[in-house]
Amino acid sequence: MALPTQQSEELRLYQQTLLQDGLKDMLDHNNFIDCVLKIQGKEFPCHRLVLASCSPYFRAMFLSDLEESKKKEIDLEDVDPDVMGKILHYIYTSEIEITEKNVQDIFSVANMFQIPSIFTVCVSFLQKKLCLSNCLAIFRLGLLLDCPRLAVSARDFVCDRFNLIARDSELYELSPDELIAVISSDSLNIEKEEDVFEVVMKWASKEKEKRTKALPVIFESIRFCLIPQDYIKNKVEKHELVKPNKELLKKLQIVKDAQQGKLPSLKKKTSAKASEGKDGEQVVNGELDEEEEALPGILNDTLRFGMFLKDMIFMISDTGAVAYDPSANECFFASLSAQIPKNHVSLATKENQLFVAGGLYYNEESKEEPLSSYFLQFDHLDSDWLGMPPVPSARCLFGLGESENSIYLIGGKELKEGEQMLDSVLCYDRPSFKWGESDPLPYKVYGHTVVSHDNLVYVLGGKGNEKKCLKRVCVYNPKKFEWKDLAPMKTGRSLFGATVHKGKIFIAAGVTDTGLTNTIEAYDIKTNKWEDFTEFPQERSSLSLVSMNGTLYAIGGFATIENESEELVPTELNDIWRFNEEEKKWEGILREIRYASGATFIAARLNILRLTKM
């Protein structure tokens with residue numbers, strides 16, 4: 001009777017362990033040694049049977065008619081003895097210490113002697129260590145050692161971060177074939193194909209005479225059909241390396257003809273059958289399949305991965321993050337992370353970096369200031385939130401703004417006994433990942449709103465001394481390190497929505513000294529004047545304003561609504577409104593959206609291929 005699967009596996013594992021322990025014991029006591037590997041003066045006693053069972057290289061050697069198959073002592077060249085010692089230790093114990101310093105050497109020797117288990121361990125180690133500084137080196141290593149699994153992982157990492165990698169000089173040291181392997185990928189995370197052309201020409205310009213010869217082949221991997229005709233005419237054809245090259249101009253003419261509907265005659269294309277390589281990856285072999293018809297590669301018009309970006313309303317709450325596409329009336333899950341604190345503030349920078357600050361964080365290591373606030377950044381690649389250096393002093397009811405490479409956390413109330421109002425401004429330097437202090441506000445304020453425009457940071461309204469709602473508006477110029485007062489708002493308010501829309505700052509609803517309001521004002525930045533705007537249909541506090549693709553949206557907030565007991569109670573609403581420019585009125589487009597409770601709302605560009613449709 002056959003044993004149950006689990007019991008069978010346990011017995012197998014036990015027998016493997018027993019066998020391996022026995023072999024190691026015999027090695028340690030010099031029993032049945034029939035082989036000695038000699039490397040640079042060092043000797044490694046071992047067993048032929050063990051080497052042959054783990055390595056096709058040694059198996060072939062011992063089974064051949066070569067002189068080495070009969071000798072007890074075998075000299076190995078081009079091998080580091082320390083590395084070989086680690087590999088032999090692994091063969092007998094399944095234990096090996098792989099570090100960033102030795103992984104390449106161990107990888108190369110494991111590849112040389114065809115030891116797949118160590119090969120796989122090294123590949124997994126390198127995949128986990130992939131980063132901006134080493135991804136190209138690992139990509140080239142994968143190609144050098146004929147390891148598709150590693151090369152593809154590294155290439156995908158490069159493609160995901162192509163715009164960042166393009167700033168690295170190492171990209172421009174790739175060979176033509178290596179460059180083609182990257183830029184021919186559908187997974188390239190770029191919004192415009194023009195970026196690929198510019199990278200290729202920058203690469204070619206490094207060694208003009210040598211690399212220009214490779215351009216006709218490389219051009220086949222640039223998807224010129226995705227590039228506007230004006231750009232091809234004014235930038236591509238007039239480039240100094242393209243203009244005198246008749247072969248390149250001929251290829252570009254094919255593209256221009258295709259854009260006008262004149263496709264070339266189809267060519268017969270012979271495809272090769274795929275088989276599995278040693279890593280289980282699909283590799284191409286020499287078997288020819290039947291012929292098929294195909295257009296020239298330069299006419300490839302398949303969109304890249306990064307071209308599926310869409311402008312969306314990003315809703316961030318402590319239960320998850322949801323993206324809403326008003327143009328298609330579709331909702332997507334972006335993240336179900338529970339890291340987001342309640343009562344947070346969110347910010348989208350002009351580079352589409354998304355940040356959240358707020359909540360209460362207790363740092364045991366800081367004795368002077370143990371309380372701080374969370375600071376998180378959204379990772380577009382993994383659709384998750386990354387913990388950043390926490391806000392040094394815990395506070396609430398503050399505002400977030402940005403200028404250049406800095407994020408400003410302005411005013412608010414201390415999250416400690418007394419809840420003191422603050423005029424202090426904290427500055428987060430994005431390149432160094434450090435918090436510091438900036439020039440303080442001219443006054444203490446909380447419940448205000450902050451917007452950013454043209455590298456200036458605007459602070460509007462809020463509550464000041466004696467909890468009075470302020471009309472005051474200030475702007476901060478980081479280059480001059482100064483605050484300046486601007487024309488005051490018509491109505492003092494706090495807990496209101498604000499956004500920059502078509503060159504003006506719009507503020508909507510909120511709390512006044514007499515209660516809730518539905519009034520909206522617009523500030524003309526050029527003239528320093530406020531004007532009234534179409535009122536919102538309902539008095540609310542904490543209404544959010546979002547400007548996206550030339551349209552103004554109003555979302556959520558709190559209104560005073562009569563309940564079943566006919567009592568007026570503050571009620572949170574999760575609806576979305578859009579302003580109709582032609583009819584000059586607000587229109588409701590979504591009555592309620594999930595995960596919007598307690599959320600903040602910002603405009604963000606998100607890749608729909610990374611999102612899950614609700």
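Including glycine, each Cβ sits where the backbone N, Cα and C put it.
What Swiss-Prot records for 33-100 is domain 'BTB'. Taken together, the residues in the domain 'BTB' (33-100) have a mean pLDDT of 90 on the 0 to 100 scale.
Remark: secondary structure over the domain 'BACK' (135-237) totals 76 helix, 0 strand, 27 coil, with classes taken from DSSP. The feature domain 'BACK' is assigned by Swiss-Prot to 135-237.
Taken from Swiss-Prot, the feature repeat 'Kelch 1' applies to 353-405.
Residues or ranges marked as repeat 'Kelch 2' in Swiss-Prot: 406-455.
Per Swiss-Prot, repeat 'Kelch 3' is recorded for 456-503.
Residues or ranges marked as repeat 'Kelch 4' by Swiss-Prot: 504-550.
The repeat 'Kelch 5' annotation in Swiss-Prot covers 552-606.
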Among 456-503, 504-550, 552-606, the most Cβ pairs under 8 Å with the repeat 'Kelch 1' (353-405) come from 456-503
